[in-house]
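Q: I grabbed these lines from Swiss-Prot:
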COMPBIAS  1-18  compositional bias 'Acidic residues'
COMPBIAS  25-43  compositional bias 'Acidic residues'
COMPBIAS  49-65  compositional bias 'Basic residues'
COMPBIAS  87-102  compositional bias 'Acidic residues'
COMPBIAS  103-112  compositional bias 'Basic and acidic residues'
COMPBIAS  124-134  compositional bias 'Low complexity'
COMPBIAS  149-159  compositional bias 'Basic and acidic residues'
COMPBIAS  179-200  compositional bias 'Basic and acidic residues'
CROSSLNK  149  SUMO2 cross-link
DOMAIN    217-298  domain 'BCNT-C'
MOD_RES   82  phosphoserine
MOD_RES   85  phosphoserine
MOD_RES   116  phosphoserine
MOD_RES   215  phosphoserine
MOD_RES   218  N6-methyllysine
REGION    1-159  region 'Disordered'
REGION    177-216  region 'Hydrophilic'
REGION    179-223  region 'Disordered'
C-alpha cells in the first residue's frame, strides 16, 4: 500500500500536462473551448482595428498612385488660406459699407427732423420788418407816456363826484353842509330836483299881461309863490347832528382822519371793543335760547 501511494503522489505532477484525446472530451468542454476561441478572435480584431486607426492618425503623407503629393497639399492649403483671408476681407468690406449706409441714413433723418423743426418755428420767430427795434430810452419814454395817459384817464373818474350844499337851521342860525356824492346817488338826485324847483320862473308873455287886473291868474301866481316859500323852509338840525358835523370838520382841518381810522380798527379802539361786546352778548343769547328750548322738549 505504501508503494502505491508513493507512486500516485509522484505521478500527480505529470497529470497536469496530460491532454486527453478528442474522443474523451465532453460536450460542455467543447462549448467552453468554442466560446474561448470566439472571444480571442474578437479581441484580436479589436486590436487590429485600433492599430489601423492610430496609424491613419499619425500618417503625415498621402500616397497617390505610388508617389508623394506634398506639393498638391501645399497648394490646397495655400488656396484655403487665401480663400479664408479673401472671405474675411469681403466680410469687413460689407460691414464697412453697411456702417456707412446706416450713418448716411441717420444723417438724412437728422437733417429732415431739423428742417421740419425750423419750418414749425421759423415763421413765429421772425421779426416783422415794419416794426423798428426800440432802444432802452425809447421804451422808457413810451412807458412813462402810457403811465401819464392812464393817470389822465383815472382823474376824470375820481372827479366825477358832485358837491352838494344843504342849508340847515340850528337855533335860528343858518348852517351850510357840503358833501361830495356820486351823481347817481339819491341825495344828488333829490338835490338836483330841488334846485330845479327853486329856479325863477320865466316872465309871463305879453298876451297874459293884457288881461284885466282882477283876473284869477294873478291870484294863482301869488299862491304858487307862497307855496314855494313854504316848501323852501329850512330843515332843522339837532344837537347830535351839529356835533357830528363839527367833529368831521375838525378832523378835515387837522388831517387826522386816517390816523383815527387806523386806531379804531385796532384792538384798543372803541369800535373794535364795541363789536367784541356785541358778539359776546349775541353768543350768550344763543346759549340761553338753546337751554330754554332743551327744557321745553318733552
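A Cβ is built for glycine as well, from the same backbone N, Cα and C atoms used for every other residue.
What you see is a predicted model, and the numbers here were worked out from it, not measured in a lab.
How about a rundown of where these features are and what they're close to?
A: Classification of residue 116 (phosphoserine) by DSSP places it within a helix. Residue 116 (phosphoserine) counts 10 other C-beta atoms within 10 Å of its own C-beta, drawing on all protein chains shown.
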Q: Under DSSP, the compositional bias 'Basic and acidic residues' (179-200) has how many residues in helix, strand and coil?
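A: Summed over the compositional bias 'Basic and acidic residues' (179-200), the classes give 13 helix, 3 strand, 6 coil.
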